[in-house]
Amino acid sequence: MKLTDADNAADGIFFPALEQNMMGAVLINENDEVMFFNPAAEKLWGYKREEVIGNNIDMLIPRDLRPAHPEYIRHNREGGKARVEGMSRELQLEKKDGSKIWTRFALSKVSAEGKVYYLALVRDASVEMAQKEQTRQLIIAVDHLDRPVIVLDPERHIVQCNRAFTEMFGYCISEASGMQPDTLLNIPEFPADNRIRLQQLLWKTARDQDEFLLLTRTGEKIWIKASISPVYDVLAHLQNLVMTFSDITEERQIRQLEGNILAAMCSSPPFHEMGEIICRNIESVLNESHVSLFALRNGMPIHWASSSHGAEIQNAQSWSATIRQRDGAPAGILQIKTSSGAETSAFIERVADISQHMAALALEQEKSRQHIEQLIQFDPMTGLPNRNNLHNYLDDLVDKAVSPVVYLIGVDHIQDVIDSLGYAWADQALLEVVNRFREKLKPDQYLCRIEGTQFVLVSLENDVSNITQIADELRNVVSKPIMIDDKPFPLTLSIGISYDLGKNRDYLLSTAHNAMDYIRKNGGNGWQFFSPAMNEMVKERLVLGAALKEAISNNQLKLVYQPQIFAETGELYGIEALARWHDPLHGHVPPSRFIPLAEEIGEIENIGRWVIAEACRQLAEWRSQNIHIPALSVNLSALHFRSNQLPNQVSDAMHAWGIDGHQLTVEITESMMMEHDTEIFKRIQILRDMGVGLSVDDFGTGFSGLSRLVSLPVTEIKIDKSFVDRCLTEKRILALLEAITSIGQSLNLTVVAEGVETKEQFEMLRKIHCRVIQGYFFSRPLPAEEIPGWMSSVLPLKI
């Protein structure tokens with residue numbers, strides 16, 4: 001056939017449809033000659049149309065297939081199908097330059113005008129075949145992975161699994177294919193949540209993971225961490241999901257071991273019981289094991305706890321680990337015996353490692369508990385029992401129907417040592433007094449330090465003559481002066497004695513305290529029995545004390561707020577929060593009455609804690625109303641300062657309500673400045689470090705020296721109302737106030753005069769440069785809800 005005839009034939013039969021086809025199109029006649037060769041075919045083979053048309057098709061067949069090709073064509077012409085399978089056949093096409101590319105092709109047999117033609121449609125499949133080869137290699141690689149892997153179709157059916165999956169779960173691909181993992185691996189009797197979470201993971205459209213308890217083909221239950229990774233095509237259509245598995249059974253056991261032990265620690269069981277809990281949990285993880293714990297005391301191992309199993313284990317292998325404190329010092333020994341082959345060595349080592357850390361925590365917890373117990377029950381300076389210990393001791397005696405005699409001992413004149421030599425030497429003086437007490441202490445007597453310079457002796461000798469003899473012996477303890485830094489300091493004791501059959505602890509301590517106060521008010525250096533007159537007063541206090549306890553627990557106390565004004569500008573300096581109590585039975589009870597009572601019955605710290613929290617809450621509420629209060633001051637008892645929880649209580653309240661330290665001022669009395677307790681001053685310094693101001697209330701009523709004022713981190717001093725009342729009539733008082741304001745200015749302290757009621761008092765105080773004024777002249781103490789109205793209608797005051 002000539003070239004023009006071929007062109008005409010192609011043009012008439014195939015050209016309109018195939019010339020622009022993106023697939024290579026090749027048409028051959030009954031003589032196997034190429035009649036049509038479109039541009040796409042030119043691109044695939046690298047031949048020009050003119051080179052191919054009219055030539056035998058063999059020139060387009062790869063050399064290695066040419067020998068068999070004529071027979072294939074002949075066979076097909078004689079009875080082959082009209083259409084060979086679509087585009088599903090791959091063939092390596094050999095180009096003009098000898099290079100080869102992968103293609104997909106379909107061959108169609110066409111009969112026309114009694115002649116048989118063949119049309120081949122071919123497209124480049126290089127990328128597909130490369131991907132197919134990559135997939136094949138990937139499948140081989142995945143099959144050799146140590147981690148189990150399955151491949152899912154978009155309907156979450158398993159289409160592929162590797163050998164590691166088969167080894168872990170027991171299912172080969174023929175058994176797993178077409179199954180959904182939540183059906184194949186779920187434990188029927190396990191809570192539904194397990195399967196629901198597995199289903200949720202399977203239907204994730206992004207990477208995710210979770211942990212499940214799954215079932216193997218053999219019925220074994222194993223903890224698994226499963227991860228899912230969706231695979232998308234270029235059009236963001238989901239093609240497959242790859243799911244990987246990790247056996248975390250041992251990891252879960254170790255986490256459970258750690259969690260169980262930590263949970264037990266939170267309940268603070270006794271030390272030996274905690275050890276048994278650790279042993280039992282180790283035993284539950286390690287099959288056929290025996291566990292022992294030893295604590296080191298002075299370097300020697302002391303048995304702490306053991307598991308319940310007997311120590312005799314067949315073919316036992318032993319593991320031993322040193323339990324160490326945080327600083328690395330040895331604190332104990334952990335011993336584990338397991339049956340040979342019961343567990344892998346690596347797993348036992350992991351269990352031993354985490355267990356020794358848990359045991360170390362338990363030992364530290366016990367050490368901390370003992371330390372806290374020591375702090376709670378004993379005075380850190382003297383080593384004597386403290387107030388808490390005393391309360392427990394007296395309660396125990398009363399419960400046993402024993403009537404003790406209580407001697408409340410106040411050491412007089414310690415202040416002389418402080419003023420002369422300082423606090424450190426005063427500590428030494430008190431320790432010397434304690435040592436002398438101990439030398440005289442009898443086996444059945446109990447001695448404790450309840451605060452500062454006050455001690456309590458409890459004796460079971462209740463004969464009157466014996467009581468007075470003991471009191472005299474106590475006084476004789478300090479008959480000789482205490483030698484401090486080669487200087488003699490004469491000290492005396494004021495002793496209050498209480499004894500009454502069937503009375504409780506509060507009664508005994510209150511009455512002894514009243515008796516001691518009576519001695520001190522009369523010059524000290526003596527002892528005093530509690531009198532009937534005192535008894536009536538105590539009864540009244542006990543009734544009122546019960547009411548006060550109820551008021552505190554029922555939140556019946558209230559705070560009122562008295563403004564403080566700058567004397568020169570009339571602007572607000574701050575507000576003082578004052579506690580008030582109105583009892584349904586006793587009516588209005590003044591602070592001068594219920595505050596000392598709260599101190600006696602041990603409720604003063606609860607009041608102080610409430611005052612701090614309520615003041616901070618109210619300050620935050622005003623702030624939310626855009627009411628600016630520069631500072632709020634609160635009064636705290638000296639006893640509250642003896643609590644090591646005070647700084648934390650203040651910090652917690654400030655943090656809870658978002659209060660800055662400079663917005664809060666804590667007031668202490670001048671008499672508390674004279675207290676000899678270094679712990680108190682440490683707590684004061686902590687408060688100042690938090691930014692909290694420190695005000696000395698009732699300044700001038702005590703006997704504190706300037707050295708004390710300088711040594712404390714004071715920011716403010718308050719002139720007592722008793723001086724303000726007399727400043728207009730007594731020149732000496734006025735001179736004292738002038739001196740106080742001058743001292744305040746020199747030390748950069750704010751001086752506040754409280755109790756100012758008249759214009760004359762105000763003018764006089766402003767004249768001597770008292771910076772801040774507080775009192776009824778400006779405002780009475782107001783409920784919180786009245787403060788905003790007062791500020792908007794009065795401030796700034798016209799001075």
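Residue positions begin at 1 at the first shown residue.
Glycine too: its Cβ is placed from the backbone N, Cα and C atoms.
Annotation comment: Swiss-Prot describes His69, Met87 as heme binding site. Counting every protein chain shown, 16 other Cβ atoms lie within 10 Å of the Cβ of His69 (heme binding site). DSSP assigns His69 (heme binding site) to a helical segment in the three-state reduction.
The annotation domain 'PAS 1' is assigned in Swiss-Prot to 10-81.
The domain 'PAS 2' feature in Swiss-Prot is assigned to 134-207. The average pLDDT the prediction assigns to the domain 'PAS 2' (134-207) is 87.
Under the heading domain 'PAC', Swiss-Prot lists 208-260.
The feature domain 'GGDEF' is assigned by Swiss-Prot to 402-532.
The domain 'EAL' feature in Swiss-Prot is assigned to 541-795; the stated evidence is sequence analysis.
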- Item | Per-state residue totals over the domain 'GGDEF' (402-532) - DSSP helix, strand, coil | 57 helix, 37 strand, 37 coil
